[in-house]
Amino acid sequence: MEGGAYGAGKAGGAFDPHTLVRQPHTILRVVSWVFSIVVFGSIVNEGYLNSPSEGQEFCVYNRNPGACGYGVTVGVLAFLTCLLYLALDVYFPQISSVKDRKKAVLSDIGVSAFWAFLWFVGFCYLANQWQVSKPRDSPLSEGTDAARAAIAFSFFSIFTWSLTAALAVRRFKELTFQEEYSTLFPASAQP
């Protein structure tokens, strides 16, 4: 890969899927995407139980519909955010302006840190509600594996989103260096 603004050889170059797939931030986004599917899929699929005596379904997390709602909402929105930033990763080499690249990377830092925080809150909330759940609410242990999976993958998501934010910070530093280098040495800068 030749020099140029960080993250691409020459802006406007051809799309290379092999290079995209090998980048650590792309791998972390795909892993985060899968984790979000596991969280919201577990809760939607087995997070609600039917009570024969009440005739109404309830959330396995201490009968708190807010806990199930939070897990599903954060999971679905994280899923969509991963898709959006994967699309940005595909488009990133086409961005020719260093300032526009910096804006994209700054948004990546902010969004990734925000999602790490939301997953931390979700992990704490779901784990707390699961801890105070009563065994009589699920006498056949229905939905327990799904509830534990959602809690575990919420915990794992904290790290994937935090690592994504850290990689974005590194990308930002390299972009800033590239911009300063181009300012100081305009004759040697790549077009």
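Every residue, even glycine, has its Cβ placed from backbone N, Cα and C.
Annotation source TrEMBL lists domain 'MARVEL' at 20-173. Annotation comment: TrEMBL describes 30-49, 69-92, 104-128, 148-169 as transmembrane segment.
Here the transmembrane segment (69-92) has long-range neighbours at 7-8, 15, 20, 23, 25-26, 29-30, 32-33, 35-37, 39-41, 43-44, 47, 61, 101, 104, 108, 111, 115, 118-119, 122, 125-126, 150, 154, 157, 161, meaning same-chain residues at least 6 beyond its ends whose C-beta is under 8 angstroms from one of its own. Sequence-distant neighbours of the transmembrane segment (104-128) (same chain, 6+ residues past either end, Cβ-Cβ under 8 Å): 25, 32, 39, 61, 67, 70-71, 74, 78, 81, 85, 88, 92, 95, 147, 150-151, 154-155, 157-158, 161-162, 164-165, 168-169, 171-172, 175. In this model, the domain 'MARVEL' (20-173) carries an average pLDDT of 91.
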